[in-house]
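*Asks:* Annotations per TrEMBL:
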BINDING   Ser545, Thr711  Mg(2+) binding site
BINDING   Leu705, His706, Ala707, Glu708, Gly709, Ile710, Thr711  GTP binding site
Amino acid sequence: MATFFRKFLPTNPSASNSNFNADDEYNMEYSFALQYSGPPVTYDIPRVVPVDVGHIPTAAEVSTSSSLSNLSLPVVQPIVKKRKDHLSMRLPNERKLDLSAAANSPISVIDAGGFDDGREARLSSGQGTSFRVVNVIDDSGESGYSDSYEFITRRVLNRNASSRSLGVSESHGNSHELSENMDVEGVSDGPVGGLSSEFDKPGLRSPILSSEITSCEEEESVHEARSPRHRIPIVKFRDPELSDIVYGENDHVESVVVQEKQRSTRASVGKGLCHLCLKGNQFTQKEACLVCSAKYCYKCVLRAMGSMPEGRKCISCIGYRIDESKRATLGKSSRMIKRLHVKARAKEIMRHEISCKANQFPPELIYVNGRSLSEAELVELLCCPNPPRKLEPIKYWYDKVSGLWGKEGKKPCQIISAQLSVGDQIMRNASNGNTNILVNNREITRSELWMLEFAGINCEGKPHFWMSADGSFQEEGQKNVMKQKLFKPRIKLLCAILSLPVPSEAAHSGIQEDNKITSKLASGNLEQRKPCKFLMVGSEKSGTSTLFKQAKILYNAPFSEEERQEIKIIIQSKLYSYIGILLEDRERFEEESLNRARMKHADQLGASPTDQIAEESIYSINKRLRAFSDWLLQVMVSGNLEAIFPASTREYAPLVEELWKDKAIQATYNRINELQMLSQGVSYFLNRAVEITRADYEPSDIDILHAEGITLSNGIASVEFSFPKSVQDSYMDITDHDDPLKRYQLIRVHTSSLGNKCKWLEMFEEVDLVIYCVSLTDYCQFSYDTNGDATNNMLKSRNLFETIVNHAISSEKDCLLILTKFDLLEEMIEKVPLTRCEWFHDFNPVISSNPNSNMSNNSNASLAQRAFHYIASKFKGEFYSLTGNRLYVSQVSGLEADSVDEALKYAREILNWDFEKPTYNINEWSSGSVEISSSS
Ligand SMILES: Nc1nc2c(ncn2[C@@H]2O[C@H](COP(=O)(O)OP(=O)(O)OP(=O)(O)O)[C@@H](O)[C@H]2O)c(=O)[nH]1
Ligand SMILES: [Mg+2]
C-alpha cells in the first residue's frame, strides 16, 4: 500500500536532502481525500460556522516583569519520526485545506489564550515538532477557513517572537521551525467524517466537550484514542487565566485548578491505562503525578514528566502544589524512577521533590501555640539547628524554654531548638494533659508523668516544674536543680517505648550538637531515623522472648555483657526450677500410679485396697535421690532457692544430672503435656546440668535462645534494628522505601506487665503494628487455678487476644498473628489430636486418595501444616468478628533464624502497605508499583 500511495505524492524536496533517511520514507504516514459522490446521506453533516475574527480572543503576552521562575510556560515537545508531505487543515465537514504555502515560518510556542470551547487544531512539523492550537475552527460555515488559518498563523508567528524573547526553551533543538511539512488538524466535538482516511473509521471521533478545561494529558488521550498509531506529543498549554498564579498567592484558585485537573484526568482515561499512550492495564507499573494523579507507563513517564525539577509531576503540573494525600510519598523513590535513572540522578530527583518550594506547605497553614506562622517564622523554624521533623499544615505547640514540640492535644514528639521566636505563648492545655502537673506552664500527659516517676522525680502533691533545654528539672520555688535524671539508659529505653523525646546528653554538656544535627539534616536522615514500632505480646510461654532474642541475633543487635550475665543467671536458676517441677510431678504421678495399682490389686483379690500396698512404680526413685529430692523441694517451697544459689548449688549439679537421667524423671518428662509451667525445651539445659552450673559458664547465642526470658524482671524489652538487605530482597527489589537504614523497634511486653485487662497497653499507643504470639502447642496444654480447675492454654490465649484486639490502642492498627513453636506442633500433633482443645472440635482434615483431585495439593500438606492453617483461620475469624478487619498470620519456629526473619519481614511488608494506602486508596498499592485494582 505504501508503495502505491507514494506514487500519488508530490515531489518532496526534502527527499533529496542529504539528511533524508531512507528509513524515514518507510515510516511516512499518508492521508488522502476523495470527493464523496454516492447517494444523498440521510443524516445531517455537521456544518462549519464561519469564524468571527473580531470575537476570537487574543493571547495575552506574558509579562517579562512578572516572576518568570514561577510560571509554567508551555514547552514544545518533539514528535518521533513523522513526516507529512503536504500541509493541510482537516475540518469537521470533510474539507481539507492546503496550507503548504504559508509554512515557512519558525514557531516554538503558542498560547491558546481565551479559547475555551474545546475546539483545537494541531500543527505539526514534519521535522519532528507538533503544535496544537485550541479553537481555531470556527463552526459557523466554510467561509471561515482561510480567515481562521491566517489568524492562527499570524498568532503563531507573533507569539513565537514573544515566547523566544522570554527565553522559552526551544526544547528540542532543531525542531522549532514550521516547515512546509506542517499539518494542521481540526478536531471537533461533533462527528468527524469524511475525507481523511484517518478519520472515517467509526469510533474515531473526538469526545472533547467544549466547556471542559482540557489538560494536556486528556487531550493527548483523546488524540491517541482517535488514532493510536498517530500519537503526537503536543504543546502543553496552561490556562491563560491561571498563568499569573504564583505559588502561594491564590490558594483557592490553585486548589480548584488541581481538583479540576484531577477530575478531568480521572474522567478522560480508563482505569489502568497510561495517560499518555492509553495502553496498559491495571497490572502494569506506572508512575503517578503528585499533583493530578495522572499515571504514566515506563515508556511515557519521561516525556510526560520531563526532567522532574520538582519531582514526579507532569510538566503542566510543575509549580502547582502536590495532592496532600501524596505527601507521605515525597522523596520516596519508586522502582520505576530507579529503573529510568542512574542512582545519583534518581536521588537528586527525590531531593528536589522534598526540598523544592512548590512542594512545601505554605506557612499560614502551620499554627504554633494557636497562631499561624509568618514566612519569617517558618524560615526560623526550618533553619534552626534542630528543626521539627516533617512539618504538616496542622496545629503544634512549642515550649520555648525546653524546646519540647508536639502536635496540639498530643504529647511531645520531639525536642527542637529552644528559644525560637515562633508562635504565641504556650497554653496550659496545649498537649491535653490531665495530670495537674505543670512543666513550663504546660500540663503534662500521663506518659510524661510515668517517665518522670520512673526517673525518680517526685511528683507527689502535683508540683510545677521548670525544665530547661539541657533536661535539668527544678521545682517551682525550690533551689534544688535535678540534673541528669533523664540520661539513665533505662529512662532512654522507657522514652523510646513511650515515644517520648529525651534531651540529649550532648545538649546538656554543651557539645557541638548543632553541628551534628546540621550534618544529619544535610544527609536527609533526620526524619527517617524515627523507627517503626512493633509491639509484641502473647500469653505465657508463647515464645515472645525467643522471637525477641532471635531478632537481636539476626539483625546484629548484640547482647550486652550485662544482658548475657542476666541470661546466665536465668539459665542456672531455671535448671533447679525445672528439676523441682519434675520432682513435684513425679511425686504426683507416683502416687496416682501406686493408687491405681492398689485398686487393681484389690479388684483382682476382692480384698480391701489397704490390704496389700504396692511399694514401687515406674515413677519411684532410689533412696539417695529421694533424700536430695525432698531437700530440694523443701528449699523451693520455702522460697529459699536464692539463698543457696548459685554458689552452693554447684556442688549439687552432679545430683541434678543424675536425677535427670533417672528413669522415673524421664517417665515424668514424657508426660510433659500435663506438666504445668514446663516447656519442651528444658531437656536442652538439663542434659548439660554440670556444665551449666559451672562458675565459668558463658551462654552461647543458642543457649540464650533456649533460655526463658530476656531479663530477670521479664518485663519490657526493646530492640532497634534495620533489616539488612538480602540477596533475595535485591532480586525482588524489596526495599524500605529506598532506605536500607530504616529503623524498626521491636518492643516485647510480658503479659504480667500489662496489668488487669491490659490497661497498661495504652502506654504503647504509638506503635505501628501489634504482633500477637500464640504457641501452637497450647492446644494440648492446660493451666490450673487454685481450685485445681483446668483451662486449656489455647483458650487462655484466645481470651488475651480478644482483650488486646478490643483495646483502644489496637483500633486502626494492623495486627500480625505469629503462631510459634511449629516444630513442636509437628511432633505433638502425632501424639495428641488437635480436637483436644474444644475450640478446635471440628478439625477434620480430609485426606484425598486421588492424587489428581483438587485436594491433592492440600492433602500433600502435613497434618501439622493443616492444623496451622486451621488454627490461623480460627483466629482470623475471631479477629474479623471483632474488628471487621483482616488478620495477617505467620508461622514460626522460634529456634530457626530464617523462620523468624521471614515473619518480621512480613511485619515490615504490612507496614509498607499501610504507608502506601493513604496515597492510593483506590485499590492500588503505590506509584511505581503494580496496581491491583480489581475493577476492569
Ligand atoms: N522448639 C521450640 N521451642 C520454642 C519455640 N519458641 C519458644 N520455645 C521455647 O519455649 C520456651 C518458652 O518460650 P519463651 O520465648 O520464653 O516464651 P515467652 O513468651 O517469653 O513466655 P514467658 O516465659 O511467659 O515470658 C523457651 O524455652 C523457648 O526456648 C519454638 O518455636 N520451638
Ligand atoms: Mg520467656
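Including glycine, each Cβ sits where the backbone N, Cα and C put it.
Map the listed features onto the structure and describe their local environment.
*Replies:* Proximity of Thr711 (Mg(2+) binding site) to non-local residues of its own chain (separation of 6 or more, Cβ distance below 8 Å) is seen for Glu563, Glu566, Ala717, given in sequence order.
When secondary structure is read from DSSP and collapsed to three states, Leu705 (GTP binding site) falls in the helix class. The Cβ of Leu705 (GTP binding site) lies under 8 Å from the Cβ of Thr546, Lys549, Gln550, Ile553, Gly894, Leu895, each of these being in the same chain and 6 or more residues away along the sequence.
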*Asks:* Ser545, Glu708, Gly709, Ile710, Thr711: which of these binding-site residues put a Cβ within less than 6 Å of any ligand 2 atom?
*Replies:* Ser545, Glu708, Gly709
*Asks:* Show which residues of the chain containing Ala707 (GTP binding site), separated from it by at least 6 in sequence, have their CB under 8 Å from its CB.
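*Replies:* Ala707 (GTP binding site) has long-range Cβ partners Lys549, Ile567, Ile570, Ile571, Lys574, Phe685, Pro699.
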*Asks:* Under 6 Å from ligand 1 by Cβ, which binding-site residues from Ala707, Glu708, Ile710, Thr711?
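*Replies:* Close enough to ligand 1 are Glu708.
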*Asks:* Looking only at C-alpha atoms, tell me how far Gly709 (GTP binding site) is from Ser545 (Mg(2+) binding site), rounded to the nearest Å.
*Replies:* 5
*Asks:* Return the count of C-beta atoms lying within 10 angstroms of the C-beta of Gly709 (GTP binding site), excluding that atom itself.
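*Replies:* Result for Gly709 (GTP binding site): 20 neighbouring Cβ atoms inside 10 Å.
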*Asks:* Using the alpha carbons only, what distance in Å do you get between His706 (GTP binding site) and Ser545 (Mg(2+) binding site) once rounded?
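*Replies:* Spelling it out, the Cα of His706 (GTP binding site) and the Cα of Ser545 (Mg(2+) binding site) are 10 Å apart.
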*Asks:* What residues, ordered by sequence, lie under 8 A Cβ-to-Cβ from Ser545 (Mg(2+) binding site) and sit at least six positions away in the same chain?
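*Replies:* Listed in sequence order: Glu708, Gly709, Ile710, Asn714, Ala717, Arg748, His750.
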